[in-house]
Amino acid sequence: MLIVADENIPLVDSFFGDFGEIRRVSGRGLSAAEVRDADVLLVRSVTRVGRELLEGSRVRFVGTATIGTDHIDVDWLEQAGIRFASAPGCNANSVAEYVLSVLSAYAEKRGLEDWTELTVGIVGVGNVGGELAHKLERLGFEVRLCDPPRADLEGEDGPEFVSLEQALACDVVTLHTPLTRDQQHATYHMVGAEQLAGLTSDQLLVNAGRGEVIDTEALRARLDEPNPPLVALDVWEREPRIDPSLVDRIWIATPHIAGYSLEGKVQGTEMIYQALSKYLGLPVRKKSGQFLPEPALSKVAFTSAAEEADAIRVALRLCYDPRPDDGRLRTIMTGSAEERAAGFDRLRRNYPVRRECSSVTVQLKGSSKSLQDSFRAVGFKLKI
Ligand SMILES: NC(=O)C1=CN([C@@H]2O[C@H](COP(=O)(O)OP(=O)(O)OC[C@H]3O[C@@H](n4cnc5c(N)ncnc54)[C@H](O)[C@@H]3O)[C@@H](O)[C@H]2O)C=CC1
Ligand SMILES: O=C(O)C(=O)[C@H](O)COP(=O)(O)O
């Protein structure tokens, strides 16, 4: 069996080595000729998969080691009898930790002693938005949930949902929807001039879903008007050819790495390995945990009550701080459009190892029960 796999999927040899020959390829711009003789194709979000790539090939199984599936023509794969698997939820916790870290930096920027003073509107309450809401609510934030498809489906049985307009009235609005077009509640350019007009300089807008959910031109225009909101973008329209003039105008700019914790990436590989094993009728023998190395930072100790006052945010930042990623993206925003696009992909390909909070044990001395609960809410292990 020949498995053609994106070179940026981690641990492909460890998970898939027993199945057959593996050929690593660059996912961006993958050609039909490169996959024609493959039986299995494993991709990430940068490869468009559909008729153009696969018609006439031997491919019978396609796996994407990502949550998002907007790069896959799922209907065509089904018609063509090609089995498809994605990795729902694989890096949801990583994205939730990214947003928490952005929130922490925002509270610091605004000089807030208590970050839970901020109200947070979550748009798209699936695996990512749901995980984020869970953490924020346990931390004591007031959270508003916006998810019209879920509201339609769950009605009175679901949680209380608000409209997009109501979510956009929160101090922080964070977008976690898939990219959809031509359907009810489509998200393409869901946040456009009208929605952006209502945001003020007292607000933060975060997008860690897909770039096309915000209308870039409208955002750039809004950021040139009086009282613009602060903006943190992890995802962009037309990646990797992102708009450098937008980068200049926003507060935090990262190269689509919110989901790039090692745990999140390896779970993505594990989930498509499980799906392929099932398709082939083979037992699932490997687990992501067996391949995760010891983290470089495994313990953080707070030894005084004074330190504990800001302990959560300090610990969170030790695990992940978006500002170095922002700095790296800004340094590659020079040169030609080609050079910038190559730089964007290079930052993603060479992304440093980032571990989730669950890989760190926090030691607290004489702390309050509520502080302990907060550490647990973020995901840290605790030693009292
Ligand atoms: N920045 C990054 O690195 C990452 C980005 N993503 C993106 O985040 C998206 C969401 O991920 P999950 O939560 O795991 O997906 P999910 O499928 O579990 O949840 C998505 C939620 O969005 C809701 N939704 C759909 N249309 C909506 C609308 N018009 N308004 C409000 N809500 C709407 C759905 O009902 C669903 O509850 C993915 O599709 C992917 O595009 C995912 C992982 C990493
Ligand atoms: O899982 C998703 O959906 C994502 O957005 C991924 O984190 C993106 O990673 P790449 O597939 O673009 O490497």
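Yeah, the Cβs are placed from backbone N, Cα and C, and that goes for glycine too.
What TrEMBL records for this protein:
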type: ACT_SITE; residues: Arg210; note: active site
type: ACT_SITE; residues: Glu239; note: active site
type: ACT_SITE; residues: His256; note: active site, proton donor
type: BINDING; residues: Ser45, Thr66, Tyr260; note: substrate binding site
type: BINDING; residues: Asp147, Thr177, Asp234, Gly259; note: NAD(+) binding site
type: DOMAIN; residues: 32-280; note: domain 'D-isomer specific 2-hydroxyacid dehydrogenase catalytic'
type: DOMAIN; residues: 113-258; note: domain 'D-isomer specific 2-hydroxyacid dehydrogenase NAD-binding'
type: DOMAIN; residues: 291-378; note: domain 'Erythronate-4-phosphate dehydrogenase dimerisation'
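Within 8 Å of the centroid of the Cβ atoms of Ser45, Thr66, Tyr260, where the record puts substrate, the same chain has further Cβ atoms from Arg44, Ala65, Ile67, Gly68, Asn91, His256, Gly259, Lys265, Gly268.
Fewest Cβ neighbours within 10 Å among the recorded positions Asp147, Asp234, Glu239: this applies to Glu239.
Of the recorded residues, Gly259 (NAD(+) binding site) and Thr66 (substrate binding site) place their C-alpha atoms 9 Å from one another. Mean per-residue pLDDT, taken over the domain 'Erythronate-4-phosphate dehydrogenase dimerisation' (291-378), amounts to 93.
Sequence-distant neighbours of His256 (active site, proton donor) (same chain, 6+ apart, CB under 8 A from its CB) are Ser45, Asp234, Val235, Trp236, Glu239, Arg348. Less than 6 Å separates the Cβ from ligand 1 in the case of Arg210, Asp234, drawn from the recorded positions Ser45, Arg210, Asp234, Glu239 in sequence order. When the recorded positions Asp147, Thr177, Arg210 are compared by Cα distance to Tyr260 (substrate binding site), the shortest distance belongs to Arg210. Proximity to ligand 2 at the level of Cβ atoms, with a cut-off under 6 angstroms, picks out Ser45 from the recorded positions Ser45, Asp147, Thr177, Arg210, Asp234, Glu239. Within the same chain, the residues at least 6 positions away from Arg210 (active site) whose Cβ sits under 8 Å from its Cβ are Gly68, Asp70, Thr177, Pro178, Leu179, Thr187, Val235, listed in sequence order. Counting only the Cα atoms, the space from Asp147 (NAD(+) binding site) to Thr66 (substrate binding site) is about 21 angstrom.
Its Cβ placed at the centre, Ser45 (substrate binding site) has 22 other Cβ atoms within 10 Å.
Non-local contacts of Thr66 (substrate binding site) by the CB criterion (under 8 A, 6+ apart in sequence, same chain) comprise Arg44, Ser45, Ser86, Ala87, Cys90, Asn91, Gly259, Gly268.
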